[in-house]
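Here the structure is laid out as structure tokens; the discussion comes afterwards.
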Amino acid sequence: MGPVEIIVIAALAILVGSVLQRVSGTGVGLVVAPTLALLLGPATGVLVTNATTTVSGFLIMLSVWRHVDWRRFALIAPAAAVGAVPAALVVRELPAAWLQVLVGGVVLLALTTMFGLPRLPEWPGRLPTVLAGAIGGFFNTTAGVAGPVMVIHSRLARWEQRSFAATLQPVFMTMGALSVLTKTLLGAAGTGGMPPWWVAPGVVLTVVLGVRIGGVVARRVSLSTARTVALVLAGLGGAITLVRGLLGVL
């Protein structure tokens, strides 16, 4: 596959993920991470995914600002930084094939967890919120996927859905930025180093377009349909990434 094809497919993945994020509240990490891991390699692919979630989280946050639970966010954000540091070291040390196994496996496990969870017992208080932040920060940095960890926490905490979906946006923004920062500082950006400079404005423009399109789509497509599309795409990408990684390991 040539560079033009890679750029086009990567841009489409980011666009679709951003649309689904705007419609359903999640989708960027689950859809984009396995796709970019296949196209760019796991380390660089997840790094670009982290940058994408930073931008999409910020833009969507602007439209749901008044519903954000800033007290919970204040607990989650510092904890995410604690999880991001060891995760960046894992990314730096693991071979590419094992990273692909990790990315694909985390995505598939996340999907299974989101659908297979029974009704969980209530676990209120600050401790589970802090733990969710640390674990989410770790998985976001290694695999670009923090949403399922936050979903589990929301069920334990009996978090009201509108507030939860809104608070996810600054959470994703912060986790994405922390992941990019820690991996850059610790030399975990991948064997090819940092992506070219033009990737950053390209990601921003694509996400802006996706969020705008998502605003239109949200008025015409149901939440359940958007989530189904996101989960199907994530499942396919996760399975292919996992198989490719296993073939590289074996």
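Cβ from N, Cα, C; glycine included.
What TrEMBL records for 6-24, 36-61, 73-91, 98-117, 129-152, 164-186, 198-217, 229-247 is transmembrane segment.
When each of 36-61, 73-91, 229-247 is checked for Cβ pairs under 8 Å to the transmembrane segment (129-152), 73-91 comes out on top. Three or more CB pairs closer than 8 A are found between the transmembrane segment (164-186) and the transmembrane segment (73-91), so contact between the two stretches is assigned (pairs 6 or more residues apart). Panel annotation: around the transmembrane segment (198-217), residues 11, 14-23, 48, 51-52, 55-56, 59-60, 63, 226 of the same chain, lying at least six beyond its termini, place a Cβ under 8 Å from a Cβ of the stretch.
Sequence-distant contacts of the transmembrane segment (73-91) (same chain, at least 6 residues past either end, Cβ-Cβ under 8 Å): 43, 46, 99, 126, 129-142, 146, 167, 170-171, 174-175, 178-179, 181-183, 185-186, 188.
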